[in-house]
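Structure first, commentary second.
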Amino acid sequence: MAVITYELVHEDAQTGARAGRIHTPHGSFDTPMFMPVGTQATVKTLSPEEVAETGAGIILSNTYHLFLRPGTELIKAAGGLHQFMKWPRAMLTDSGGFQVFSLGAMRKIKEEGVYFRSHIDGSKQFLSPEVATRAQMDLGADIAMAFDECIPYPADYEYAKQSTERTTRWAKRCLEVHEHPAQGMFGIIQGGMYRDLRAQSAREITALPFDGFAIGGLSVGEPHDLMYEMLDYTTHLMPRDKARYLMGVGTPDCLVEGVARGVDMFDCVYPTRVARNGMAMLKTGRLNIKNKQFERDFSPLDAECDCYACRHYTRAYIRHLYKAEEIFAFRLLSVHNIHFLQRFMRGLREAILEDRFGDFQRDFWAQWQR
Ligand code: GUN
Ligand code: ZN
């Protein structure tokens, strides 16, 4: 019996959108689902109880950061990442295949793995399929990710091809060393912005015995239309009976378009990052709490929201806190944004279950500002 299973509950009659349920050793959650990001074993500014209260059934953490600090061996000694950070529900760790490639000049890619310098102290480090997989086994999340290369945009064809083929070889090496009784592993499809490479990667990666499949290398600076085109093309080549995860996507517009193309899971730092920049997410776009117009606005951030921040506090108050550089402002905006996305995803799911996702998509675009 696989550790991670995907249950298809309903496919929308109007689009490719699917409603499902994913089962893990730390509980089940409905899909489509957005995973809040807890990069350094914390969803920034929030307690696990506060994250759970937003309805999130799974969060993501990063191997890259925890590998460098405090070290995955220490977290293993603490009883694993769930125990260390006291998050009782499902968890996924990214492999480091994205963070390490964002380091630019500080890294060197070889067939055996990636040599890089720590962003913390400049020390020499090495991550490979084997090292990243063992680190993720130490962390013990419910879902580990294969070690891949996220191809930058733009990339020339020859580079993208070499990289995509290396990602497949790395995926096989990850599976060879991965053995954990309570952890599944997802493969990652790359291919840059080239259809034939996406097809090749989808074919090669989905032929391997992973528990689910992610689409990587998107939302890396390309125009949205190009991302949607690549996504459309890729999801059609993925199996129906496994989870599909679009990495690094978390704005409402991209979530709607991802779900329309059959994606089940998403993650992004966006809701918590923009919260710390004074932004509240709304279904029409973003509200910038710094704006003068909210100085005497005694209404909640979002009249439709029932989160802790919206139940208790006004725009004027949160604006004041933000202006005064009070930490509570970051907390309230983060609670709201994560809660907003959980509610947003539940709305998408209900539309799928009622075969009206296409209508939902049209109504969404009619009121989306940017
Ligand atoms: N996060 C966003 N994009 C990617 C990707 O392509 N690979 C990995 N490992 N993580 C990501
Ligand atoms: Zn709210």
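Counting starts with 1 at the first residue shown.
Note: Cβ is positioned from N, Cα and C throughout, glycine not excepted.
As stated in TrEMBL, the feature region 'RNA binding' covers range 248-254 out of the listed 38-44, 220-226, 248-254.
Among His236, His336, the residue that TrEMBL places alongside Cys305, Cys307, Cys310 at the Zn(2+) binding site is His336.
Binding site for substrate per TrEMBL: Asp94, Ser95, Gly96, Gly97, Phe98, Gln190, Gly217, plus Asp148 from the candidate set Asp138, Asp142, Asp148, Asp264. Range annotated as region 'RNA binding' by TrEMBL, chosen from 52-56, 122-126, 272-276: 272-276. Calculated from their C-alpha atoms, the gap between Cys305 (Zn(2+) binding site) and Asp267 (active site, nucleophile) amounts to 21 Å.
Here Gly96 (substrate binding site) comes close to Asn62, Thr63, Tyr64, Phe67, Leu127, Ala132, Ala135, Phe147: these same-chain residues lie at least six apart in sequence, with C-beta atoms under 8 angstroms from its C-beta. Ligand 2 lies within reach of none of the recorded positions Asp94, Ser95, Gly96, Gln190, Gly217, Asp267, judged by a C-beta closer than 6 angstroms to any of its atoms.
Proximity to ligand 1 (Cβ under 6 Å from any of its atoms) holds for these binding-site residues out of Gly96, Gly97, His336: Gly97. Candidate recorded positions: Asp94, Asp148, Asp267. Fewest other C-beta atoms within 10 angstroms, Asp267. Put simply, Gly97 (substrate binding site) is 34 Å from Cys307 (Zn(2+) binding site) when counted between their Cα atoms.
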